[in-house]
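According to Swiss-Prot:
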- 1-444: region 'Sulfate adenylyltransferase' (REGION)
- 7-223: domain 'tr-type G' (DOMAIN)
- 16-23: region 'G1' (REGION)
- 16-23, 95-99, 150-153: GTP binding site (BINDING)
- 74-78: region 'G2' (REGION)
- 95-98: region 'G3' (REGION)
- 150-153: region 'G4' (REGION)
- 445-620: region 'Adenylyl-sulfate kinase' (REGION)
- 453, 454, 455, 456, 457, 458, 459, 460: ATP binding site (BINDING)
């Protein structure tokens with residue numbers, strides 16, 4: 001199919017609630033514009049038997065829905081992409097699913113589009129999912145919307161119905177920042193106002209859908225007018241004599257001899273060479289994929305950002321961002337994730353959930369967690385500084401995803417609003433005495449020994465005996481026990497999932513400080529969630545976190561019940577008790593597993609001490 005020769009490429013998506021006719025609309029548009037081949041048309045006719053009674057028996061949604069499950073259920077599940085072109089323009093359209101459970105798919109499509117065709121069923125008006133898709137489109141940086149009021153052939157007094165829906169959306173979308181909203185009444189099934197103007201709606205004097213798409217001022221090509229942004233995607237080292245930084249020029253322009261700054265380090269250099277597949281060039285424009293070499297030995301690597309001497313990006317390790325949550329498990333502030341921004345990976349924590357957005361009213365409400373498909377404004381903290389622009393200024397350098405550490409699933413999509421200025425005023429103080437020097441004085445290697453298991457499993461009993469044994473051997477230790485910490489430092493926390501996460505986060509930071517003093521730190525905490533235990537591990541150097549799973553069966557813990565807590569939990573007087581009405585996630589690969597039903601506490605403590613000897617943490 002030949003490329004259009006008019007305004008260039010337009011990326012747009014169709015979105016809206018389920019059964020509003022998104023796939024049918026795209027199929028009809030392609031059909032009426034003469035962009036469907038004969039063999040595709042014949043295949044659609046065969047597949048439409050028993051499903052369509054008009055227009056030659058064609059179900060136009062079949063021209064877009066590609067998955068077998070989509071065709072069987074007459075719904076869209078995955079995002080379907082189609083390229084097409086007219087004499088005036090070329091297009092890439094993304095057909096997004098309407099079901100709430102597939103909102104994450106819609107968000108993925110929206111992140112690469114510059115215009116949204118938001119469908120509304122004329123019979124139903126604005127629905128919750130319609131509003132949710134409008135919010136997601138706005139958050140993803142889409143500034144131009146076509147409000148396509150579909151199925152106009154199924155309503156009486158269409159002009160009044162259309163006007164009411166247009167007014168309702170105008171009021172709802174006012175805070176969303178759209179630069180243009182064009183409302184078009186249409187019938188995808190019959191082709192009214194899709195490509196050709198409809199005689200059935202003589203009161204509509206605006207454009208057809210295709211006519212508007214061909215002329216919409218919603219370009220999404222990289223711009224040379226913006227500040228220089230070159231994202232390093234990989235370091236090119238074909239031999240010992242060449243080291244290049246390969247990536248895509250997102251905006252601005254590059255030229256040999258030009259000054260650049262590498263972020264987040266802030267080191268400066270000049271462009272020595274610009275290398276392409278066809279050889280060296282002296283200039284590169286926005287959108288070009290090139291390899292550049294620098295005239296100085298500047299530390300620059302994958303995930304770094306190059307800018308010009310003017311227009312530097314923001315650099316911070318704390319920032320505010322809108323977050324679209326995509327996982328079944330809710331977002332809990334304090335939990336650690338992996339954050340990917342461009343080609344850079346860094347551990348990150350959502351430190352605060354400032355508010356959640358009500359998709360019906362756009363009101364901001366207090367929330368302690370963020371559920372599936374919910375949108376909220378959060379504060380995030382990263383383990384290392386990031387270079388970025390606000391998402392409003394650049395989608396490429398202002399977006400990120402959050403990834404679960406265990407499943408490697410993408411759980412959230414983020415749009416950065418601004419850095420938290422308080423972070424810019426904090427600087428890590430270099431200490432005169434190092435951790436290594438403190439540890440050498442004590443003849444030991446600092447580490448965290450983390451005892452995890454159900455209440456009543458024997459964690460504290462074994463940890464106390466391990467500490468006594470280490471003290472006898474002349475080692476310097478500190479014991480942190482769950483109840484003791486909750487009586488002081490964490491007395492403000494309860495036992496909800498969010499409070500449990502914060503409890504372990506604080507303990508992890510305290511334990512880290514104690515290892516910097518050269519101590520062997522013994523922590524006896526239920527710590528029911530794997531993610532939090534792994535977050536503590538990530539705070540420490542490799543080999544400095546040893547997980548000891550005190551693996552006592554629940555029935556045995558209930559039988560022991562040394563504090564009477566299980567009896568209270570089973571009677572309903574104690575809520576959120578681990579093992580009864582709150583989950584416990586056992587370690588997958590602990591450094592040591594202890595079975596308290598097979599050996600006594602002294603023998604198990606000796607096994608722990610032997611582990612420390614083998615690891616070189618404590619001398620025998």
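A Cβ is built for glycine as well, from the same backbone N, Cα and C atoms used for every other residue.
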Residue counts for the region 'G4' (150-153) under DSSP, helix then strand then coil, are 2 helix, 1 strand, 1 coil
Residue 459 (ATP binding site): which of the binding-site residues 16, 99, 152 is the nearest Cα neighbour?
99
Whole-number Å only: compute the distance from the Cα of residue 460 (ATP binding site) to the Cα of residue 19 (GTP binding site).
57
In sequence order, what residues of the same chain, 6+ apart, have a Cβ less than 8 Å from the Cβ of residue 16 (GTP binding site)?
22, 98, 118, 119, 120, 129, 130, 133, 148
CB-centroid shell, 8 A cutoff, ATP site 453, 454, 455, 456, 457, 458, 459, 460, site residues removed:
526, 550, 552, 557
Taking only the binding-site residues 19, 96, 99, 152, which one has a CA atom nearest to the CA atom of residue 453 (ATP binding site)?
99
Closest of 96, 99, 152 to residue 454 (ATP binding site), Cα positions, binding-site residues only:
99
When you measure from the Cβ of residue 459 (ATP binding site), how many other Cβ atoms are you left with inside 10 Å?
28
Rounded Cα distance in angstrom between residue 96 (GTP binding site) and residue 455 (ATP binding site) is 47
Under a criterion of Cβ-Cβ distance under 8 Å and sequence separation of at least 6, what residues of the same chain contact residue 458 (ATP binding site)?
550, 552, 594, 596, 601, 604
Residue counts for the region 'G1' (16-23) under DSSP, helix then strand then coil, are 2 helix, 1 strand, 5 coil
Among the binding-site residues listed here, 455, 457, 460, whose Cβ has the fewest other Cβ atoms inside 10 Å?
460
Within the region 'G3' (95-98), residues counted as helix, strand or coil by DSSP:
0 helix, 1 strand, 3 coil
In this structure, the one of the binding-site residues 22, 99 whose CB has the fewest other CB atoms within 10 Å is 99
How big is the Cα-to-Cα gap, in Å, between residue 99 (GTP binding site) and residue 456 (ATP binding site)?
45
